[in-house]
Amino acid sequence: MVPDTACVLLLTLAALGASGQGQSPLGSDLGPQMLRELQETNAALQDVRELLRQQVREITFLKNTVMECDACGMQQSVRTGLPSVRPLLHCAPGFCFPGVACIQTESGARCGPCPAGFTGNGSHCTDVNECNAHPCFPRVRCINTSPGFRCEACPPGYSGPTHQGVGLAFAKANKQVCTDINECETGQHNCVPNSVCINTRGSFQCGPCQPGFVGDQASGCQRRAQRFCPDGSPSECHEHADCVLERDGSRSCVCAVGWAGNGILCGRDTDLDGFPDEKLRCPERQCRKDNCVTVPNSGQEDVDRDGIGDACDPDADGDGVPNEKDNCPLVRNPDQRNTDEDKWGDACDNCRSQKNDDQKDTDQDGRGDACDDDIDGDRIRNQADNCPRVPNSDQKDSDGDGIGDACDNCPQKSNPDQADVDHDFVGDACDSDQDQDGDGHQDSRDNCPTVPNSAQEDSDHDGQGDACDDDDDNDGVPDSRDNCRLVPNPGQEDADRDGVGDVCQDDFDADKVVDKIDVCPENAEVTLTDFRAFQTVVLDPEGDAQIDPNWVVLNQGREIVQTMNSDPGLAVGYTAFNGVDFEGTFHVNTVTDDDYAGFIFGYQDSSSFYVVMWKQMEQTYWQANPFRAVAEPGIQLKAVKSSTGPGEQLRNALWHTGDTESQVRLLWKDPRNVGWKDKKSYRWFLQHRPQVGYIRVRFYEGPELVADSNVVLDTTMRGGRLGVFCFSQENIIWANLRYRCNDTIPEDYETHQLRQA
């Protein structure tokens, strides 16, 4: 290296000398230019020297690495073929990764483990990305460092210390902890005063006004004006509930239409079936969340207990077979076995070996009438039973017509054919149609022939109805001063001196159902709303263009469903009423068709009843014979007094919006001419006081009143039975049905009379 450097130096000097002005001896002073050149040359030599040193270090490192990877010991020389010994490695600077200890062993130098936060063999270590272990709180950014990691601050709505660490094990075992801040407790919310603040994870929500306040988050919550019960006492009911005064003087809270709950708490009830859309913080059954929010199902039936009500569950029994294809939609039967090939699978068929699509079971013994040798369960075989469908173990038959008195519609007059053209349970052979008080009971069978009393109450069973009996309980105390008018108590004991005798305290009719829940507290024969037993009436029995209605009763008789696109028909309960309040929820659970549905009251026979019916769209009936009938959309109240009874005349008269002579009178029509909406729930309220002819019907869509007939006066029918009506419309639901005996004349009756005068 030295000779080469000297040559470079001499050549440089020679070149400089030749280029100068004049010749200068070699030992003379060099000019400034030569000095600069020498300095630059020297700097270049220094750079070369440093590069050489770096190369030496790299070559040494490579050599050590190769030697470290090979097995130590004797190696055969490539050149001589003789065994040779490879020299042992020794610890030296740079042999191991910075911070890693070098250990000298008998077999040579070894490096310790990589530092925390790194991975490798000690000689070479690379950084570990601890962020891959997700040590930070969700939504918090993780920053990888060399070595280690750190988490950014907890997100808004949470609090917690800073978090950082080194190593994968630490990152996995130690997660960042961020605790939710309860803004409702710390005051870090912006809800208006006197409203409900609801804490959520990482945030909060502002709810409705607190009890006792009204308004919202936009307008603020102001203290609600004091509300009072009918007796003048302060009301503790929910703002969407009414305070009701009971017979015994106690107060109850009842949620308003469109709301459900226990009255102290009420929540939205979209489908108007009596159950709130969301669970309320109260223990009563009516505080539970509705398992079908948009389809009324007042019984909340849920066969497979999956939390989805049968009314809105596409596979109600959970057997994997959709309802529309399942031959037992409410009984699990994935095999769909059906021995008798009727509509019902063996799992739910009450006559497995005999077709019986109606599944009728009169005595409710689990065996269908079609295969039951004792249909009524009175221990007399059907063939020998003179009332095979009505229990009558005595088999009494007064008129000897082969029909037992228990089921004979003319028990005192022979009529083996039992013809009853007007469906009033009085056979044609003895039906006089003479009814001077118009209550639906012919004079010969009426226990008060001149006083309307469709219910025919007779508390003392003396043959004289309570309506015309001065001593209903026959205890010797006239009704006018009897403190228990319906229960014998000649001593008139009244310990608390409240005017109600001890024997009828809290249960006026002594039917063992307390007055508070008794729908007819002055009629021991009627206690709860129940349509499980009902009469079917087909209003167009001729022809086969359409089928008869198919009625399904649910919720212990408080819900009815009609499934078929059918001829006009009725499902009528057997209980007759004088004054009555009747309410229910109406819902068409399909987008198919646009025809009539409604309810009836004052039913006396198939030619005499009131009907409230609702059509969706305007339509002319497809059969123009016997006359052209045009239905308009909207709610209609009609009085039916047909001279022909069920048949084509009555059918078309019912379809037609208007009067039809000798058939139907239109008493009121909703002037809005608005039809019902598909899959929308409506709540109706009917008041009927036949003693004065008072009728009023109201309809609600949610909490909003959408139709009101106001006072309508008509005395065509002075009492009768209740039921539901359909005409060519399928999938109708009448849910949360309630009736209540009520003879009290509403205040607006007097107001109406004054206006008329």
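Including glycine, each Cβ sits where the backbone N, Cα and C put it.
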Can you sort out which of Cys151, Cys154, Cys197, Cys206 is the disulfide partner Swiss-Prot gives for Cys178? Cys154
Can you tell which of Cys468, Cys484 Swiss-Prot lists as bonded to Cys448 through a disulfide? Cys468
Distal contacts, the compositional bias 'Acidic residues' (467-476) - CB-CB under 8 A, six or more residues away: 447-448, 450-453, 457-460, 482, 484-490, 578
Cα-to-Cα gap, Asn121 (N-linked glycosylation site) vs Asn742 (N-linked glycosylation site), nearest whole Å: 95
Identify which of the glycosylation sites Asn121, Asn742 has its Cβ surrounded by the largest number of other Cβ atoms within 10 Å, counting every protein chain shown. Asn742
Averaged over the region 'COMP N-terminal' (22-86), what pLDDT does the predicted model reach? 60
